Amino acid sequence: MNALAATNRNFKLASRLLGLDSKLEKSLLIPFREIKVECTIPKDDGTLASFVGFRVQHDNARGPMKGGIRYHPEVDPDEVNALAQLMTWKTAVAKIPYGGAKGGIGCDPSKLSISELERLTRVFTQKIHDLIGIQTDVPAPDMGTGPQTMAWILDEYSKFHGYSPAVVTGKPIDLGGSLGRDAATGRGVMFGTEALLNEHGKTISGQRFVIQGFGNVGSWAAKLISEKGGKIVAVSDITGAIKNKDGIDIPALLKHTKENRGVKGFDGAHPIDPNSILVEDCDILVPAALGGVINRENANEIKAKFIIEAANHPTDPDADEILSKKGVVILPDIYANSGGVTVSYFEWVQNIQGFMWEEEKVNNELKTYMTNSFKDLKAMCKTHSCDLRMGAFTLGVNRVAQATVLRGWGA
């Protein structure tokens with residue numbers, strides 16, 4: 001089942017639990033707007049190249065739409081639709097005043113020079129500048145993009161609308177980016193894990209963790225979890241996988257990955273088959289890479305008692321069923337990885353106020369939001385006698401449905 005089918009299925013199950021009528025259900029599912037534009041740029045060698053840029057704006061009942069812009073050669077419209085919809089529910093679960101969006105450009109950023117990427121970003125912004133905005137749709141970085149991409153969008157957008165730092169988040173600090181944004185998703189994963197373990201009378205200290213994916217989210221989660229006394233026994237990334245049953249020295253691994261661009265060759269652990277990472281013996285599994293990695297083929301082999309979904313859609317519905325029968329507790333992606341969008345919201349707020357916060361304030365506010373969201377999520381689980389995934393979906397869908405009806409859009 002692809003990401004869109006799985007998201008739609010979860011939405012429909014939540015809608016049934018909430019007793020939404022079919023008209024409202026249909027209006028919540030249909031995207032507000034889908035944008036597709038041609039972006040033609042001169043390449044460094046003087047030839048012209050054309051790329052397709054797009055933006056799916058899913059829902060704006062609760063506020064401006066929010067979501068990443070990715071640069072990737074295979075941009076799947078279904079996946080983008082699913083991710084835009086997920087952002088609608090995720091922002092509602094986090095109780096921040098946004099709806100969902102997603103977009104990007106079908107290109108391979110590794111095959112374009114910096115100046116070509118800049119030209120492409122500026123042309124894309126020229127095509128969509130009147131469809132995004134501080135109170136309309138606020139993009140952010142995603143796969144293949146980063147703070148520099150956001151800086152180009154901000155500059156190009158400002159040519160049309162005046163200096164507008166709040167039009168994008170995930171910016172460089174010098175252009176109004178927020179302190180603490182870099183670590184936000186990983187820190188949110190840690191706060192979510194704490195809240196879940198607390199519910200089960202446990203703490204992070206002494207638990208054995210396996211982290212699949214050691215990019216921004218996985219590496220920050222590993223660092224913060226190990227600082228809390230958690231033992232990271234195995235880690236993988238695109239270069240390979242490593243294991244040390246006594247716990248990997250995370251500061252040393254971070255230094256190694258910075259110097260060698262990956263975990264491969266780290267001498268404080270032994271190499272293992274990357275395909276076995278998800279089924280390694282541990283208490284808590286953190287998939288922090290791609291979607292669909294936990295499926296019916298490997299779900300029975302998973303030994304973890306808890307799964308923290310730091311990636312988007314890492315567990316497919318078949319695996320969900322198998323794991324739930326085994327008694328594995330899954331902390332769903334729309335709550336577990338919402339730290340990033342929550343701190344993006346703080347960045348937007350700081351830009352609108354023209355007043356920047358200290359990093360300590362950002363981190364404390366994030367903890368408050370993550371803790372409160374978990375309480376709300378658990379209350380929905382109790383009301384509807386459901387698991388955490390359905391608790392999160394009913395919470396998100398219910399908040400969006402209520403806003404839709406209150407605004408008179410429910411008919």
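Here the Cβ of each residue, glycine as well, is placed from N, Cα and C on the backbone.
Curation does not apply to TrEMBL; its annotations are automatic.
Per TrEMBL, the features are as follows:
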- LYS66, LYS90, SER344: substrate binding site (BINDING)
- LYS102: active site, proton donor (ACT_SITE)
- ASP142: site 'Important for catalysis' (SITE)
- THR185, ASN216: NAD(+) binding site (BINDING)
- Item | C-beta crowding around LYS90 (substrate binding site), within 10 angstroms | 28
- Task: Work out how many Å separate SER344 (substrate binding site) and THR185 (NAD(+) binding site) at their Cα atoms, rounded off.
- Result: 10
- Task: Work out how many Å separate LYS102 (active site, proton donor) and LYS66 (substrate binding site) at their Cα atoms, rounded off.
- Result: 7
- Cβ within 8 Å of the substrate site's Cβ centroid: which residues qualify beyond LYS66, LYS90, SER344? GLY67, MET87, THR91, ALA94, ILE96, TYR98, GLY100, ALA140, SER338, GLY340, VAL341, THR342, TYR345
- What same-chain residues, at least 6 away in sequence, bring their CB to under 8 Å of the CB of ASP142 (site 'Important for catalysis')? GLY67, GLY68, ILE69, ARG70, LYS102, GLY104
- Note on the structure: Between the binding-site residues THR185, ASN216, SER344, the one whose Cβ has the fewest other Cβ atoms within 10 Å is ASN216
- Message: Taking 10 A as the limit, how many CB atoms besides its own sit near the CB of LYS66 (substrate binding site)?
- Response: 29
- Note on the structure: Neighbouring CB atoms within 10 angstroms of the CB of LYS102 (active site, proton donor), all protein chains considered, total 29
- Task: Give the distance between the Cα atoms of LYS90 (substrate binding site) and THR185 (NAD(+) binding site), rounded to the nearest whole Å.
- Result: 13
- For substrate, with binders LYS66, LYS90, SER344, what's the maximum Cα separation in whole Å? 13
- Item | Pairwise CA distance, THR185 (NAD(+) binding site) versus LYS66 (substrate binding site), rounded so that it is a whole Å | 15
- Rounded Cα distance in angstrom between ASN216 (NAD(+) binding site) and LYS66 (substrate binding site) is 20
